[in-house]
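*Asks:* Here it is: the structure, laid out below.
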Amino acid sequence: MFRATVLTLFPEMFPGPLGLSLAGDALSRGVWTLEPRQIREHGLGRHRAVDDTPAGGGPGMVMRADVLAAAIDAAAPNDDPRPRLLMSPRGAPLTQARARALAQGPGAIILCARFEGVDERIIDARALEEISIGDFVLSGGEIAALALIDACVRLIPGVMGEEASGVEESFEAGLLEYPHYTRPRDFEGRDIPDVLLSGDHARIAKWRQEQALALTRARRPDLLAPQTGDASRRR
Ligand code: SAH
């Protein structure tokens, strides 16, 4: 069973959108679980402080390693088999392959930072894997965690309506997905491509494959380039 534990200063952001639609239905059926935990419960002093000024000076505040360690240790004992993830713009970009691997595992412990981020020492001390959802900066890790969990949960068997709909999608075959059409047949003078109305399933499959390849070549040639180690994936 996929169990997500989220460490955050804003537990009220969860389940949020994950309480609706496919993920929400699966959550209420007990197909996966979500446990948001308030980091501030491990804060220091009367004000339950979780952050402090950066060593060396500079703007903003840094989340304290001792507070985060206490929060992580309370949420997950040492023998918890789940990977510990830190949402971070410096992390490895999230991929469909990583989401699928996580979905097949026991879940994840996900740390959402705020302010300037975390004291560097917590990353090594608690073996955190940094994951980014893209080359832009959010104000906190919560939206990134929601995106990560959503990508995983929809891949858990029994969550998506049609089992097959997970395997033909963008990235699953290393390509972007082919274009879709539905009724009406004529939309403002624009037709559905004839081949899709031909009933010839072999021709349709071939057309879709060609479209996927052409789209990928035009928009994401990096996906087609031979994978020569990490550098080519890191973009
Ligand atoms: N000073 C940091 C940014 C801090 S943003 C830097 O320049 O790298 C505050 C927090 O939001 C981060 O610590 C992280 O937990 C989260 N966050 C921001 N952008 C993110 C992204 N693209 N992917 C995942 N998490 C992100």
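Every residue, even glycine, has its Cβ placed from backbone N, Cα and C.
Whatever TrEMBL says is automated annotation, not expert-curated.
Below, the features straight out of TrEMBL:
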DOMAIN    3-224  domain 'tRNA methyltransferase TRMD/TRM10-type'
BINDING   I133, G134, D135, F136, V137, L138  S-adenosyl-L-methionine binding site
*Asks:* Can you list the residues of the same chain, besides I133, G134, D135, F136, V137, L138, whose Cβ falls within 8 Å of the S-adenosyl-L-methionine site's Cβ centroid?
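*Replies:* Along the chain, the qualifying residues are P89, S132, A144.
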*Asks:* Using CB atoms and a 10 A radius, I'd like the single residue among the binding-site residues V137, L138 with the highest neighbour count.
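*Replies:* When each Cβ's neighbours within 10 Å are tallied, L138 tops the list.
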*Asks:* As a test of reading the model: what is the averaged pLDDT for the domain 'tRNA methyltransferase TRMD/TRM10-type' (3-224)?
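*Replies:* Result for the domain 'tRNA methyltransferase TRMD/TRM10-type' (3-224): average pLDDT 96.
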*Asks:* How many other Cβ atoms sit within 10 Å of the Cβ of F136 (S-adenosyl-L-methionine binding site)?
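*Replies:* Taking all protein chains shown, F136 (S-adenosyl-L-methionine binding site) has 7 Cβ neighbours within 10 Å.
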*Asks:* In the structure shown, which of the binding-site residues G134, D135 has the fewest other Cβ atoms within 10 Å?
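*Replies:* Counting other Cβ atoms within 10 Å of each of the binding-site residues G134, D135, the minimum falls on D135.
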